Structures are given as C-alpha cells and as structure tokens.
C-alpha cells in the first residue's frame, strides 16, 4: 500500500495523532524560554585586573604584558586585545568560533593563576565569559528625599536585593549608587608626631587588636568548649579606647591621637535617575530563564516590597527589556496572522471552494504548533529570530498542501470517486514535492559553517525554518490527503474562471512564440544579468539590520582630569535636555562608573535612556536632536550614542563601533598624533558621527620623585614613603566592625584638609624609623605632570583605534569615504592600518555567506539530479536561478534597503524557492515526454498544468512575507531585508521560471526531439 493510499484510508488515526501533537505544541509554547535574542555563547572571555592607582606605564609593564604573553598560549585563541588605564587593565580574548567556551574560560583562569605570582601583590583579577545575559533585563531605581545615600545603600543592599535575588530566573542583582557605611579614624598629625608614631603603626595596631580568634578547644564534664580570644570593639567608643602603643610605660589610646566617627565611604561615583540622586538595581537573568516571566515575577515582588519600604521611599523602573520582548513577539505574531489571512484569501480566489481552502489552510496552524514542539525538543527559545522564521515561512509551509489539493482538483474529472482522485493526485505529486521541499531545506545546511554574529543569530532562524518546512511536507503527504478524502466534495465547481482562462491562453501563446524565437533567451538572460549587476552597484551595504529598540545608551567623556563634582555639574545640563525631550520616558546616569566591566575615571560614564512606546519620532530622530542639543549646550563633552541591543551585540562580538580604523605601530606618541589627525579629517566624511581619536587622557598627576640619598639618610626607602603616603592620603582599611550580621570597614587616614589640598600634600608628615617626622616634599622633588594616555594593544602590538558611528548613511558608503581619506595622506613608515569594527564583521560574514550560497547551489543541484536522473533539467533550473536575483536587487533598491546579512539570507532562501517551482514545472514536462509528447508540446502542457499551483504557491509566499516587508512593529526590522529580498526575487523569478525555464528546456532538447 502506497503512502497516498494509506493516508486516504486512515483519516481518523492521522487526525487524532496530529491533534495530540498540536496539543503538545501548545504546551511547549507555554513553557518556552523567551528572550529578545537567541541564547548564544560568544567565544569571548574578558579578564579585568586592577592594581590601585598605578600609572598606565607601570600597569602595562607589570600586569598587561605578563597576562597577554600567558594568554596567547591558550589553544584556539583568535585575537587578544587589551586596554590599559590608570590602575587597571581589561584584556579581551576572542576564541575561534566553535571552541568550547566553558573549557576556554577554564584555561584562561588557569593561565591567570599561573602568572599571578609575577603580578604585583595587590593586583586583583576577575574573569567574565560574554553572553547575551550580561545586560540587565530590568533596571530599577530606589530613591528618597528623606534618606541619606548610606541609608539608601543599606536598604537596597540588605533589604531589596535579597528579596529580588530569590525570584525565579534571576542570576544576579547588582546595586549601583548610594554610599556604603564606614568607620573613619582621622589621625591628628601633630599628636601622632608627639607620640613618635607613624600612621602605618596605627593601622597595624588596629589590625592586631580588633579581632576575634579561635585558639583551641577544651573538654569539661562531657562538653566541649571552643576557646576564643575576643578583642572585637562593639562600637566606635570601644574602638577609640584601643591601645595603639606604649610610651614611658603609659598606654596611648586611639582617641588620644585620632577622632573616630561613623561616616560613609568617599564619593567616587554619582548615580542618578531622571535627574535625581538614586540607587540603581540591575536585574540579570539566568541564561535559560524566560525574560518576560522573570520580569513579571520581579514586578510582582516589587509590589510586595513597596508596602514594606520606609515612608517616602520610591521603587521604580528605569529600563524594562521585557517591553521590547513582548512588543516584538506581538508584532511578529501579528505578521504571522496577517500573512496567513492573506495566503488564505489567495487560496480562496484560486480554488473558489471554501472546503478546499480550509483543508489547505489547516496546515498552517498544524505546522506552527508541531514546529513549536520540535523547537522545544531542540533546545531553541522564543526570540526575534525563531519567531521571525515562522513569520518568514508562513507562506511557504502551505506550498506542499496547495500542490496536493490543486492536483486533487485536477484529477477529479478523470477519476471515478473522490478517494481515487486523492490517491492518484497524491501519488503523482509525492516525488517532485519531496524533492522540491528538500531543495528549500538543503540550502540551510551550509549555514552550520557560518561563523560570527551572523551565524550565531541566523542559525536559529535557519533551524526553525527547516523544522517548519519538514513538518509541512510530512503533513502535506499525510494530513492533506486525509482531509481531502474526508471533507472535499465532488460536486463543487473546480473549473477555471474566465480571467484565469485568459491568463492561461495568453501564457500558452507566449510559450509557443518563445519556442519559435529561442535566440532571445540568451539575449534576455545576459541583459538581466547585466541589469542585476548595475543595480547591485547602487545598493548600500550594512552588517546587521538596525531596529528601533525604544532605548539607547549615551556614553560621555568630560575633559581629562575633570573632577567628579565638575563632571556632575556639566552633566546636569544633559539631564535637563533629556527631561525636556518629550519622547523620553525615563533615564539613568552613572558618572565614574559604567554598565560594562571597565574601571572608569570620574570624567567618564553613561546614560541609559528609555523612550515612550507611542511616539511620533523614530529613535534615530530623537538621538539626532539630543546629540545636537548636547553638542551646542555642553561644549567640551564627548558623546557617543548607540541603541542598547546594538551596544550589547557589539560588546559581545568585540566590535562595538561600525567604523574602526586601527593604526598599528611601535611609537605610542606617533600613533596618538596620527589618530587625532585622522579623526579630524574623518569629520569631513558625510554621515560619520561621534568620532573618537582613540586617544584617552587620564587626569594630571602630582608626582614625588624620591631622592634616594635624602631618604636613605633618614632610614627611609621609596616603599616605606609610599606606604605612609598612601595610608595618609587614600587611607587604609585596618579592620572591620560587626554591626549585626554586617561588617563595616574601619579606615585610617589623615583629615581632609591635608588630603584634599594640593598645597598641603608636600607637608604630609612621614615618620622615620627613629620616630622623627619630615615633610613628604623634603624627600624629593614634587611636580605636577600631565596625565598619561590609555594604552591599547592588539595581539601584543600597540594600536590606536579611531572610531565613529553612522548617521543616516549605510556602512558601505561610509567605508568608501574612509578609504578616500586614508588614500589622501599616506602613513609614515612603520605604521600600518586595518579597517576593523562592524565593517570587518560584515566583510567576514559576506565572504562566509557567499561560500554558503555556493555550497547551497551544489546541494540543490545534487537533489535535482536524484529527482530527474539527468543533467538537462537541473542545468536549466540552475541557469534560470541567477536571473531571479534581478527582482531581488530591484526590490532592495526601490525600498532603499541595504544589502546586509538579513538580505543575503533572503538570497540564499531564494535559491531553494526558485528551484521548487522549477522542479514542479519540469517534472511535469518530463512526464509528458515519457507519455510520447514532443518537447515543445511537453513544456506547453507542463506550463498549462503547473501554472495555477506555481502562481498559488508564489503568491501565498509573497503575501505571507508582505507584513514583514513593511517592517511594522517592534523587531520587524530584523527580517525586513530578508522579506524584501524574497518578495522581489520570487516575484520576478516566478515569471522567469514560467517563461525562460520551459524555453531553455526546449532549447537543450535539440531540434530532432522538439519537432518530433
């Protein structure tokens, strides 16, 4: 019994099985992890090392170089980049795609531990593996007019954070802002001098006295006692009574030489929300968590938290990624629904039978639900790419069902009953249908070789679409015949309409005329290829499609050396600009810290800005206005604007800027000069914005050049001078005080009048081993120096990155302008240039996609060889295939859509779809030839028989993609270029396949056979 016979006879078991699978698909959908992007492990690990306030040159020599040299020996390393700042370095290790990132992270940690003994004793390192969950899903604000920054910090850290950390799906809760409590011991230099003590002596005394130590165990009367030595001070009064030294037999208590008081840590950052000082609480999700469900659970917990907060304290939201996720899912869902409705309308117009239309359309929800089940089993998540795949495929998944139902209609007049017609129609069409579907599927197989961000994201789309097409094929071979046998009627009018009859007759006349003028075929082909090449040259190009996320990041940099207070004053003007921008809903600001891992200076930070959902202006228009106001209203402030997810993807991929001109050389000063000159010249390139020279200066230094002779005569060394000066100025955490279940640091230092006064620094007392004190300035030369610049290295070579962003221009056009600027002024010997950034990612992706396209064509050709058993028909289809690209490039040009990864994916999809129509057409022609027809009559007969199913499948695919091509709704921009490419290419290639395909086939057959 054939499959078609079994399907026609087994209506009830088939429908029951499908209903069960659909119910399982509904359950799978409800349990899906939901996120904005696919969960991808990016092959990048970041090592952050901090070492106090050391200058850049010392950090580079003592930390950066040893770590780079060690990490370069880790297997599968593709690139190592570092940026060294004052007191810290950040090293990014990019691995080859396909490397096991968990193993890579372990190897990185092993190398860091191996080199740790060579690093300075106070150096601290941490390692972070990059993945899409590093960016917060929710950002909360905690503010109050009545509470101090310390009280807000305690409330956020010890009350709010533990409650939110317990919410299912939450990985980390990060608190930024406020001031941590601290006990301050301010030492009086005069009293210290009279006691013949140094500030280091005081610190050591507190460390040794304020402690609790377990020293042993004692057994007594069947009980075991732990023996403790308890010197722990319970409050500041007890701490002030600690004896720090003995002089002439008399104890010197801490209160005799210092003031002890409760205070807060020094303010090193300013954190605010909507223009008011605040504490920010960022919620990071677990990699497998549902973003929307987690956000909803956090919001529910917030409702309970609000009732327990002190009066006047407000807990709000300044960023909510789940809004974008929900909007994106809703808009893609609407696209699926609209596409399905348009496809059903096409079916109804062609079939003119409600039952037949419903039988065919029923495949759509069945396919979607069963695909959900397979997606869940495959470990996929619901995101923009997987849902976009379903929206893209909504018009494709009913192709096979259309072919089955239409062929059943064609067989009804010649068969004795409905079941016979179903068996005959299904059996006749099964083989070409399987082959045509497989050609669409196999184009996605080479995508497994695609690397980089494009491969990481679009692989999810390809897998989902492959699953949907295979499910639709199986349903068309089993469910469609069953539904036809059970629900179609033989009495319906299945004939053609008058309009379709005229189209069919006109098409036949065109084919017969074309056969007589076959010499026009190569002329038309060459002309189309030439036109395709010409229009393609007019297209802009880009990397990944940009979408309106409804949120952006504003990175800023005040002039080098600007104090925290002055930076805050300048940025309050930016606060006001954002408050006066009607589209801005909420925003947060960090000064002296950022969203990323880097340790920053007080003149650096960022804004996270959330826009209102319903607004008349796009995010690009809002950014353009804010940029203009900031540049005119806050001169001297360097800014850079980027949307949140673009920033995240750029950081994950290690290429955050679209434009990145890398200058390599050995002379740091020469590279900095060239970078500043190039950034100035690039300012004349139209469409470039937020240009950065790559030269980042730190604040000025006050440097003491210790005189070894002077210090040596007093029994001092540079190290002892450094230790005492650091304790006096920065302060040293000597010990901890217990307050309930919390530890509060105890910091020892000199009063602010000495620490913060530039002129008073030279008089900071340094105690000699003999107990005498000398001014710090007397031990050497104290001089003011300009701050050093940050140092960047790539693969252990010095580099300066001149970066910029795009403003109403495509990436290809901008790069052309950059190349022209570079050509105008040759670089000096010893300096080389490389174009990096997203352009480098685009170039690599396009190269990989071209290889994927070539492999896809070869695989499709192999499938066709199995189908036809000869080279003639596959070669004809292969020659017709490139001609369809004319429609694709024409559509891209007409809609001003750039050629990017998404549109390239559309071109790859087009290969399979075009071939599908060609197989249906030429398989019928071969069947007619085997029945004894001449080649001319065979291709004409094939055209007449296959015109309606080809038009139906093409129109349903085109209209199914139409909502995506409009790019309406959140996240729709990601699939818009793909949809535009497929619509344009499929529209034109359908005409080419229907006309040039048969003519080429007849031409290849030879004169003898065509005239037979």
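Glycine is no exception: its Cβ is also placed from the backbone N, Cα and C atoms.
Per TrEMBL, the features are as follows:
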TRANSMEM  332-351  transmembrane segment
TRANSMEM  358-375  transmembrane segment
TRANSMEM  387-409  transmembrane segment
TRANSMEM  456-479  transmembrane segment
TRANSMEM  519-539  transmembrane segment
TRANSMEM  849-869  transmembrane segment
TRANSMEM  876-895  transmembrane segment
TRANSMEM  901-922  transmembrane segment
TRANSMEM  950-972  transmembrane segment
TRANSMEM  978-1002  transmembrane segment
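The listed stretches are 358-375, 387-409, 876-895, 978-1002; of these, 387-409 has the most Cβ pairs under 8 Å to the transmembrane segment (950-972). A contact links the transmembrane segment (849-869) to the transmembrane segment (876-895), because at least 3 Cβ pairs that are 6 or more residues apart lie under 8 A. Only pairs six or more apart in sequence are counted, and the transmembrane segment (332-351) with the transmembrane segment (978-1002) gives fewer than three Cβ pairs under 8 Å, not enough to call it a contact. Ranked by the number of CB pairs under 8 Å to the transmembrane segment (358-375), the listed stretches 387-409, 519-539, 876-895, 901-922, 978-1002 are led by 387-409. Counting C-beta pairs under 8 angstroms (sequence separation of 6 or more), the transmembrane segment (519-539) fails to reach the transmembrane segment (387-409), with fewer than 3 such pairs. Within its own chain, the transmembrane segment (901-922) is flanked in space by residues 392, 396, 399, 403, 432-433, 435-437, 439-444, 447, 454, 458, 461-462, 465, 543-545, 842, 845-846, 849, 852-853, 856-857, 860, 864, 867-868, 873, 876-877, 880-881, 884-885, 888, 892, 942-943, 946, 949-950, 953-954, 957, 974-982, 985-986, 989-990, 993-994, 997-998, 1001, which lie at least six positions past its ends and keep a Cβ under 8 Å from the stretch.
Proximity of distant same-chain residues to the transmembrane segment (876-895), defined by a Cβ-Cβ separation under 8 Å and at least 6 residues beyond the stretch ends, is recorded for 525, 528-529, 531-532, 535-536, 538-539, 857, 861, 864, 903, 906-907, 910-911, 914-915, 918-919, 922, 965, 977, 980-989, 992-993, 996-997, 1000-1001, 1004.
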